[in-house]
Amino acid sequence: AAEATAAGRALEDGGEGGGGGASSGAGGATDAGGASADAAAPNGGDGGDGGGGEGGDDHEENLPAALRRPKRRREQAGRYEPTLPRGQRRKQPLRHEDTCFHCADGGELLECSLCPRVYHLECLSLTKLPKGQWTCPWHSCLECGRTVSTAGGMLFRCTDCPTAYCFDCWPQGLARVDPTPQLLEPMISRGFDPSKNATLFVCGDCADEKETAKRRLEEEERRRAEARLEKERQRREAVEKARTRDEERERKRADEAQRAAARERKRIEKERAMQGTAMVRRVQTLGREQTSERRSLGEAHLAEVAQLEATVGKMREELAAKQHADARALLAKQHQALDRLFLELRDGWKPIGAAAP
């Protein structure tokens with residue numbers, strides 16, 4: 001009772017600023033039920049041209065939690081979308097193809113009203129556009145002209161051309177095609193399921209064309225393989241010729257090096273022979289000169305001659321020793337040069353394709 005009295009006083013204070021809304025607010029606050037107070041307070045606020053409502057809202061915050069009005073939230077209205085049964089798709093509008101189903105070419109095309117297929121007038125043996133709704137040959141039997149509804153709800157449709165048969169006219173022995181996702185998805189994405197009320201197959205003409213195209217591709221692949229083999233054979237022949245040419249060049253270079261080494265040895269031997277002959281001739285000449293001088297000088301000069309002979313002998317020995325040392329040094333140098341040349345030739349020659357050392 002005390003809380004209700006305090007609530008009534010608070011509403012009376014708030015109603016003074018709102019004119020006629022005060023009495024309604026007070027009457028609502030003195031209601032023992034509590035629900036009448038919630039309904040009376042908004043009415044008192046509206047009756048005072050907006051002033052009482054604002055005052056009531058301010059004083060409502062001071063009320064106990066049990067007497068406060070619940071705040072209402074306005075939900076935004078959403079668009080109604082009916083839910084489809086499970087497994088059922090929303091029907092898509094038809095999106096027709098860009099090329100003729102008969103010749104796979106573009107241009108001015110006639111659209112079917114039941115499926116995405118399009119055709120040239122020439123491919124359908126038509127001279128002018130048909131009037132009204134037009135359906136392509138894929139929806140009627142080629143032999144009797146019956147449609148799906150008149151043929152018992154089932155047609156046999158070729159996957160590669162606009163040929164269709166009913167159950168009675170369908171020729172036996174044609175290969176049926178399983179409706180795989182790869183085959184159906186392009187048409188389903190355009191708003192048409194070709195496997196609905198139909199069985200897919202491949203007609204004889206399309207099968208022959210596929211077999212011909214397959215054989216043509218195999219023949220082209222065989223020719224390309226033969227061309228690759230011929231090109232590989234020519235490449236190997238060119239590599240073999242280059243290897244043989246390089247080996248012949250290396251062999252000629254080695255033969256030329258051997259001939260150069262032989263000529264160098266002959267030159268050294270000839271120089272040695274010439275030096276030895278010149279030394280012998282010089283010694284002989286000195287001997288003859290000494291003999292003639294000895295004879296001319298006579299007995300008085302025998303001591304001097306003997307001394308001269310000793311000097312000449314010594315000089316001859318020194319000269320022979322020097323010439324022998326020079327000849328040995330020259331021969332050693334020539335041997336070292338020949339050894340280096342032989343090592344260079346041996347290390348530098350390698351067959352084609354061998355790894356570098």
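Quick reminder: no glycine exception, Cβ is built from N, Cα and C everywhere.
Per TrEMBL, compositional bias 'Gly residues' is recorded for 16-31 (among others).
Under the heading compositional bias 'Low complexity', TrEMBL lists 32-43.
Feature annotation from TrEMBL assigns compositional bias 'Gly residues' to 44-54 (among others).
Per TrEMBL, the feature domain 'Zinc finger PHD-type' maps to 99-140. For the domain 'Zinc finger PHD-type' (99-140), the mean pLDDT of the prediction comes to 89.
Among the features that TrEMBL reports, region 'Disordered' is placed at 1-91 (among others).
TrEMBL lists 227-265 (among others) with the feature region 'Disordered'.
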Counts by DSSP class (helix H/G/I, strand E/B, coil) across the domain 'Zinc finger PHD-type' (99-140):
3 helix, 5 strand, 34 coil
